[in-house]
Amino acid sequence: MSEQVKLLSEGPSCQGVPGKRLTILSVDGGGVRGVIPAVCLEYLEKQLQELDGPEARVADYFDIVAGTSTGGLIASMLTAPNENKRPMMTTTQVKQFYLDRSKDIFGLRNGLSFLPDMLGSLLRRSPKYKADNLKKMLEEEFKDLRIKDAVTDVLLTTFDAYTQQPVFFDKQAATRNFKANAKLRDACLATAAAPTYFPAHNFKVPYPEDKISHSGTDVAEYHLVDGGVVANNPTDVAILHAIKDLRLGDSPHKERMPNFKGYQDLLVLSLGTGARTVTYKASDINVWSDLDWVSKPGQPIVQMLMNSSAYLVDYDISIRFQIDGVKENYLRLESGEIDENTVAMDNVKPENMKKLVELGNSLLAKKPKFRNAITGALEEVPDFETNKEALESFARWLVEEKRARA
């Protein structure tokens, strides 16, 4: 124990009072590139176990675990309970899920699969893939678990094509409103329903049989697509969700945080799935057809929207934490080495899956970066030599926070 106390006192510190902070984990969308954040989470969990014992799990240390699309699958796998009400999966198992089963998730194509992507995109009148295999896997893993069963507050982003409104499934809302208490597998199918890749997910959430409806309806119906349409990087959504519940709602953390002071009381880890480094010239874009925008490698229009959205969220959050003088309380890990061969969200070739693991390990070895509030450019964080070191300190802060609440 003395050695553990020593470990917790070493290295840089974050702002805020231990035991009075809210911890948030956020994971971006990105298809099979979810391997990259899975590698980072595996390293974080190993650090937590070194400090707090072999049974430590990532979900034990975060008050909110948010995810979009593939990040939503990761968030769900981290927070779904087993029969002992403990996290169902380790981060190693999550990583292995991607390596073993991605080929099946993206293996059941719709018609015209024998045609090249560009011609198939032109002639096909349905998404590129059927969701049957993913649906079967989610049923096997989660069975009838619902959002409110999660071991910590999980937040999954989706967009309702019928109402043209974002829909967020989270545990706190699910305990208050039956409409938010979807089956975990339905919420996962929805957040992963990337337009052109998978079909939109239509499902209903019935009113609980043991209660009387006072709302005039006994069912909620959804027509949902991938949360990347609204927030491919869900960090901002998770932060606003936390602040709203602390100040206006019935957050379970209100009692221990009666005087929430702002960003100094937040500890946020945001994980990306890789920013594309491929560039386009206006002269090239100007001769693209409508089809080229969605059929060229990586689907340029999709990648541009995802990259710009993730950039704006990261820039916005960076500014907020810097303005409050607590930039160390926010850590964003994002690989900048994604090229046209690895950018595709459905590239499940063995060599690409191996490359994604390598990109995750390469990211851990790189210098941490933070966005300059004035220029928006990425700058190196002086306190750490590598992202590994940054995660080691983050693990110390998480353990410190958890112990202070005991």
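Each Cβ is built from the backbone N, Cα and C atoms, and glycine gets one as well.
Non-local neighbourhood of S69 (active site, nucleophile): D28, G29, G30, G31, T191, A192, A194, D226, G227, G228, N232, each in the same chain, at least six residues away, with C-beta under 8 Å from its C-beta. Residues or ranges marked as active site, nucleophile by TrEMBL: S69.
A sphere of 10 angstroms centred on the C-beta of D226 (active site, proton acceptor) encloses 27 other C-beta atoms. Positions annotated as active site, proton acceptor by TrEMBL: D226.
Sequence annotations record features per position, and here TrEMBL assigns domain 'PNPLA' to 25-239.
Here TrEMBL flags 29-34 as motif 'GXGXXG'. Within the model, the motif 'GXGXXG' (29-34) carries an average pLDDT of 95.
The motif 'GXSXG' annotation in TrEMBL covers 67-71. Residues in the motif 'GXSXG' (67-71) partition by DSSP class (helix H, G, I; strand E, B; coil) as 2 helix, 2 strand, 1 coil.
Summarised by DSSP class, the composition of the motif 'GXGXXG' (29-34) is 4 helix, 0 strand, 2 coil.
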